[in-house]
Amino acid sequence: MTSAGMLASRLEYARFEKDRWKQVTQVDWKSIKDENVKRQFKVLSKLGTAALPEDRLEKYDQLQSGMERTYSTARVCNLNGTSCDLSLEPDLSEIMANSRDPEELEHVWLAWRENTGKKMRNSYKEFVELINEAAELNGFSDGTELWLDVYDTADFQSQIARLWDQLTPLYEQLHAYVRGRLRQHYGEEVVSRDGPIPAHLLGNMWSQSWGNLLDICKPYPEKASVDVTPQMKAQGYTPLKMFQMSDEFFTSLGLIPMTPEFWNRSILEKPDDGRELVCHASAWDFYDGKDVRIKQCTVVTLEDLITAHHEMGHIEYFLQYAGQPQVFKTGANPGFHEAVGDTLALSVATPKHLKKIGLLEEVINDPEVDMNFLMSVALDKIAFLPFGYVMDKWRWGVFSGDISEDDLNCEWWKLRLGLQGIEPPQVRSEMDFDPGAKYHIPGNVPYIRYFVSFIIQFQFHKALCITANQYDPNDRARPLHQCDIYNNKEAGKKLAKMLSMGASKPWPDAMEAITGQREMDATALRDYFQPLEDWLKRENQENQEIIGWKTDEPVCTREPQPISTRGGGDHADDDDDDDDDDDNGVSAATPLSTLLLLAAAATVLFR
């Protein structure tokens, strides 16, 4: 489908939405006695961006398509300039994960931002104006209120701030430990004792996961690791087998197996036929109870096996609520959808489960091996939390006007420095637009759902482990991080009850159905990591590591800064080019409205 065709489809669907909305607003639905019907009308009464006049909506779609195109087609050069066709996946991600050359990492980090975010800054400013305009047409003050309405929680931002306060002590201990290990590896001239961590050294393009630093940060390097990637490759694992194993985990709980349509129509590996594809993993629902799909550029690693379970969690949710009315075919709140697969992945990643499926020869009852395992989980789960918060805390400020369009990049780095304790490899400026280097910014995907997910998945995990008799809070011999609910039908029954509700009830009702609680709370997460937190405190104290970081060094200025990258790269046209001749296939970069029109599809992206 061409860009022009996609735009026409979006506009056609927007007209349909607007006509439906006009019909709904003519009904006095607030006086309806049936709570289920009233809730359906309430959902339908929110129009979203389709409320924009058609010319403004067309501009909105053009801007988003242009930014997505810039992101998905960006290419950069390697350090010595001998190759200039490096794509994010797998090329740049592999460099960020595996290189330990600070110069190469800095080059790749800077070049990616030169060829993505920087090129869409002006478009994004105009895009924000249209989001706020749409919000006002829906009766909200700005885009923040529009985005957060789905949570139906008046003090939602305060609740998120409270959760972060609960988590900060654990994060600061992990940050201090990782900074210390990086300082040992690179030297104090590269990583300071009391400052923020250089962002390009954390093993990930956005510093959102630090799992690739396990070789540097493993508490007991001489002891076994839970990274079974070598065993997976030795046993001939394929992307298909990884998803078949994920399916088997779900069915072991008595949940719904994947459909024939899933196996026939999913894209589980990166196409080798030249198609441009945004490789962010995503799950798709075509709303007929059968046609569900995953798009993932899977490689044979333990990390991607975990991602496969995450994406299949979305698919299971689709299948479980298939009998609900159309407007309720979504998660209780967006964080619920993200949490389902991750909840099961907490079991999958345990040494106990990896032994069951033949990827570990034995489970050694060794506290040091146990600490290595917890560290591997924390480098992903705990390290992510401030990033998950910053992504939308920044956008809330942009939408509300608290962050001016003259300070977009510097306020971004103010948050990343203050909450995450990281700094860019070079001082940034307002000529840059580093938020746009992460897909969910040009793709306009709200991100706080992932933060919510990382909290509630531990609440779900704890509740299901108690149901499965795999965890007892009063028995130290059965800690939460060793729980594996595989093959437990009672736990599966409780999970299915919550999933089948979809969005038919407020999310606290769904939370209560599985946990007995009605609030988001980080206690279960802290319980899971308590042994590691105790160890980190002792280790940091013994090594005299400083908890926290200085924030007085400049990380961003309004004035342009010289960028020392070797060869910028080959990239897409600037995002204000509205050329409609691109012959792009439908991919994860295709906005939801288009897919709803073409095939009644819903899509959920991986973080």
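From the backbone N, Cα and C atoms, a Cβ is placed for every residue, glycine too.
Other C-beta atoms found within 10 angstroms of the C-beta of Glu311 (active site, proton acceptor 2) number 26, with every protein chain shown included. The active site, proton acceptor 2 annotation in TrEMBL covers Glu311.
Note on Glu338 (Zn(2+) 1 binding site): other Cβ atoms within 10 Å of its Cβ, all shown chains, come to 28. The Zn(2+) 1 binding site annotation in TrEMBL covers His310, His314, Glu338.
Per TrEMBL, Zn(2+) 2 binding site is recorded for His310, His314, Glu338. According to its DSSP assignment, Glu338 (Zn(2+) 1 binding site) is helical.
In the three-state DSSP scheme, Cys297 (disulfide bond) falls into the coil class. The annotation disulfide bond is assigned in TrEMBL to Cys279-Cys297 (among others).
Sequence annotations record features per position, and here TrEMBL assigns disulfide bond to Cys465-Cys483 (among others). Of all Cβ atoms in the shown protein chains, 27 besides its own fall within 10 Å of the Cβ of Cys465 (disulfide bond).
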For the disulfide-bonded residues Cys279, Cys297, Cys483, the one whose C-beta sees the most other C-beta atoms within 10 angstroms: Cys483
Out of Cys279, Cys297, Cys465, Cys483, give those disulfide-bonded residues positioned within 10 angstroms of Glu311 (active site, proton acceptor 2), comparing C-alpha atoms, in sequence order. none
At the level of the C-alpha atoms, what whole-angstrom distance separates Cys465 (disulfide bond) and His310 (Zn(2+) 1 binding site)? 18
Could you check what DSSP calls Cys279 (disulfide bond) once collapsed to helix, strand or coil? coil
Can you tell me which of the recorded positions His310, His314, Glu338, Cys483 is spatially closest to Cys297 (disulfide bond)? Compare CA atoms only. His310
